[in-house]
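Features reported for this protein in TrEMBL:
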type	residues	note
DOMAIN	65-110	domain 'PAS'
DOMAIN	289-361	domain 'PAS'
DOMAIN	365-417	domain 'PAC'
DOMAIN	648-721	domain 'PAS'
DOMAIN	724-775	domain 'PAC'
DOMAIN	802-933	domain 'GGDEF'
DOMAIN	942-1190	domain 'EAL'
Amino acid sequence: MSLAMLVVIAALVIALVAAALAALWLRTRAQLQARTREQQRLLDAQKMAGIGYWEYDIAQGWLAWSDATLALFGIERDAFDGSYADFIRRVHPEDQPRLAALREHSLQTGETLDVRYRIVRGDGGVRTLDEHGELHTRGHGRRVLLGTVRDVSALVDAGQREQRQAAQYRYLFDRNPVPMMVYERGTLTVLAVNDAAVDMLGHARAEVLASHASEVLAAEERARFARHITSSGPEHADAGIYAMRRKSGAPLRCRVFGQDILFDGHGARMVTLLDVTATELARGALEFSEARLRLAARASHDAIWDFDIAADTLWWNEGYTALFGYDAARGTPHLADWSARIHADDRTRVEASFAAALRGDREQWQEDYRYRHKDGQYIDVRDRGYILRDAAGHAVRMVGGMHDRSREVNAQRDLQQRVQNYRVLVEQMPAPLLVLQDGHVRMANTAAVMLLKGDAPERLHGLVVEDLFEPAAAALCRSPGAAPAQTSESAVRCLDGSIFEGQLRIADFRGSEAAGVQVLLRDVGAERRLAAVEQERVAFFRLSADGFGILDGDLCIIEANASLRSQFGLDTDSAGGTLMDLLESEHRARMRDACLNLQLGEASETVECRLRGRADEAWVELGFVRARSDTWYMVARDISRQMRAEAEARLLQRAVEAVENGVVISDARGPDTPLVYVNPAFTHITGYRADAVIGRNARFLYRDDADQPGLRELDQAMADGSAASVVVRNYRQDGSLFWNRLRIAPVRDAHGLSHWVGIQQDISEERRVEDHLQQLALSDELTGLPNRRALLVDVDALLPREPLALVHLGLDQFKLINDALGHASGDELLRKLGTRLRAALPGTVLLARFGGDEFVALVPRITAQLQRVLELISDNVRRPIELQGTLQQLNCSIGVALAPEHGDGADALMRSADAAMHEAKRLGRNRSVTYSTHLHEAARQRLAVISRLRGSDLGRELALHYQTIHDGASGAIVGVELLLRWPRGPEGLRSPGALVPLLEESGLILPVGRWVLHEACRRQQQLQGLAAAGCKVALNVSTQQLMLGDFVGDVREALAASGADPALLELEITESALMADPGKAEAILQQLKRLGLGIAIDDFGTGYSSLGYLHRLSVDKLKIDRSFVSDVLGDRDDALICASIIQLAHSLGLSVVAEGVETEAQRHWLAARGCEQMQGYHFARPIPFADAAD
């Protein structure tokens, strides 16, 4: 081998060795890194778990701590020197000996070290640690002690708290005032009994603990207790009332409450014993007491009541009926009924007082108020109630009575009125009077205020008698003595400083509430001055042209001048008789009143009287002045002519004031013809008082509304000085308008035109009735929209001026709602829809109600606007309307006629729009159709078709086809759906989509539906060969068939007549039919389910609100509408809807059938999502009944 070859081989070996070493180094580094990561993970896990690691080298005596251990001791690494001595000094002094001994024992024996001890941390805190150590031998025989340490302070604290709590609970159990005991559930051995139970039973604690739970009961109760133990569950708290065995033999009855617990690891039951012995004994007495209370309440004349606060019920006795007229059994069962009959002025005060009494801690409540009798009158009552409260102080019951205090209140009002009358009498008494108390003025009547020259009674109040009178008189006022009355004369000082000579009549008075002194004052100085002028008066008396006389205290004429003798027909100076004899009897009362007024202080009195026995009805005006207590002065004046004139004037004025029409008089000669008189009727009509209009021209009644034909006519008549009658608009003081029929006439005297007299008649109501009748004639009473008549008038008026479009809409489902929910709901729907359409349509569109469920809109002939109006009508009709708490959704069929193409008059145009609207209904409803000439012919054909069906044998005209229903997975037939056809019907009416709306429109749907139901039941048995396990027959039920008539009765009749199995009959009902009246639909479905029929919701997913009711309806199946199935593979929304319906049905325990399945891909998609049944052209087309049966 050459040298070169050896070099190559050596190089290869070296390369291989180097590669091997490199690989070995890489593996070693990877292992070290993995071990380092593993160790770090272990340290992290220990740190998170709060576990510290330590290692003790026995030979070298050093101790290694992990970071977690250092953290447990609360020190840094440089604060620990690694010696055992440094460790042991950190242990709690009380635990150091025990720890050192256990560690030494572990080192000697090799046993595992498990010890709990306390440490003192660096911050001074004391913690408890659990330490675990094991002895290991390492290389060269080196022995080490390895271990972990864990902080268990929280665990130790929790255990200590549990021990303390257990001791506390045991203390609470033993010292609880409620008798309690614990027994084992299995053996009934008593495990614990508290002091209260021992005291109540009278047995020693040891005796009770040595017995069974049943032995503390009376012997007769033990069998019942045993039955209770075996029948009650752990949640049974109230075991009932038991007779207990008391050591003394005294009766003891307790209500026993139980609760299952764990007691020292045993399944036990803790019972509490409630002593009801006294309660049981008292119950009988209470029942007797309540019966006695009821009897007393019946006998009482008061209205006795009992208010149960929690139940809010009121009981009344028969006195309530006697007092207020209401039926006591039904009068006011609730507090709100009682409150509603309290007088409105009293209700707030009484309710607040009543509520405050219940909220507070009072034991009784009392209020006086007025309460309404059944006849509407109010009775004054005093209501007093006593409040019963529970242990927490809450009011639970209130018992009381209402006492009629009308007599007392009336008497009090009479007393107050009498007091007020006396007060007024004293105030108006002509004699000056002061009332004193303790020498101070407390009251002064009007005469005293005037005499003492004060401007108000308050100026005299509080004055002392020394400020008014001389000392002797003042002293007498302070102490009048026992005599009834004393008289004293004194200078009297007035408030303005003046002084007069007065006479005081002083008397003591004492009342029930106060005492004092009353002082009557007289100005005797003034009286003396009057005497001085008496002689002057006598001279005047004798010479006066008026009649003068002097009368005595009995009104006898003792002196008369010549004029008086002439007027009265007296022959001598003295008549020798009384004045009363000379007057007509009906006027004598006036004289007596005048004399009384003079006696009470009036200065003078004037009386108009008629003299007796005079053929010419002589009247005199008599004036009186009282000279002395027994002397009267009288002056008489003949007023006969004046009285006759005044009587005539009063008669005329009374006539004018009594009329209902306003009467006004204006001064034709005054500036601007001012008003000088208005009667009360004028004020009643216009609101203007007489004093506000006298002196003004009457044009203020027209305000700014002066441009009236009637006013121009009125101005012309006044200019001509002639009478006139006009109708004008006038305005009341409050600004409101009234229609005035005004008649004016001139009044002339010797100098010409002096006044104008006007007669007003308020004819506003007459005009309002005329306007209302006009409005009624042109508006719809239900909706307030224009009616048919008004619409035709508008059409005829607008047709010659501009092109128009007439839109005629009919509601598609209104008859169903009207019949199902009632006519009131139907009216409400029309009102709401009319308001909604009027608000939505432009102002240029005239909207009217044409009658029934039809509306008409008159639209200007602008293409864009017409299309917008059609959209607004459809959108607003389709928007749900709430009726009786449910949302009802409508559609409408719209017919459009254009003018003048489709009619040159209102009637022709309406016929065209009506024909177009019915064509929209025929084409499936919920659409609009514009009129074309062939529609009239189509309408005649529909009438002929309806007549043909109405008069024919349905079995000859109609036929049944069937489409099979298949299992979604296997494809096997599981049922058939019955479909209605009209084989010999006109073209376009042979399929259900066109035929059924015609039947519903004509009212034939009910007899046709009954025919289909009987046919399905009759042929059910014939179809059973199509399916291996029973072939279900499904048929569709229309909305009218379900909601109108007696559908459940029709089903019973068909089943009874055919003997069909109801379990194999299935009814398919649409969502819209169920939501027409959900409450009624739910009740009908429940009755059908009780008959055993299957129920399916057809076309599910096309409705709008049935999901909220679905869980309440008694249905078995949901049918997915073909509109969702047809594009389930291409439309994400349809796929989501189908999947959601399947999931929803399954969550409610319902099955699902999909209709309209046409491809295998659709079947596969539906089957994969759990759709149980399917039907459609993919499986079979609808076939006549005979073929389906074969």
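Glycine is no exception: its Cβ is also placed from the backbone N, Cα and C atoms.
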**Asked** Mean pLDDT over the domain 'EAL' (942-1190): what is the value?
**Response** 86
**Message:** Out of 65-110, 365-417, 648-721, 942-1190, what stretch is closest in contact terms to the domain 'GGDEF' (802-933), meaning most Cβ pairs under 8 angstroms?
**Reply:** 942-1190
**Complete:** Residues in the domain 'PAS' (648-721) per DSSP class, helix first, strand next, coil last, are 38 helix, 10 strand, 26 coil
**Message:** With helix taken as DSSP H, G or I, strand as E or B and everything else coil, how many residues of the domain 'PAC' (365-417) land in each class?
**Reply:** 12 helix, 30 strand, 11 coil
**Complete:** Taking DSSP H, G, I as helix and E, B as strand, the domain 'PAS' (65-110) contains 29 helix, 3 strand, 14 coil
**Message:** Based on DSSP, tally up the residues of the domain 'GGDEF' (802-933) by helix, strand and coil.
**Reply:** 59 helix, 38 strand, 35 coil
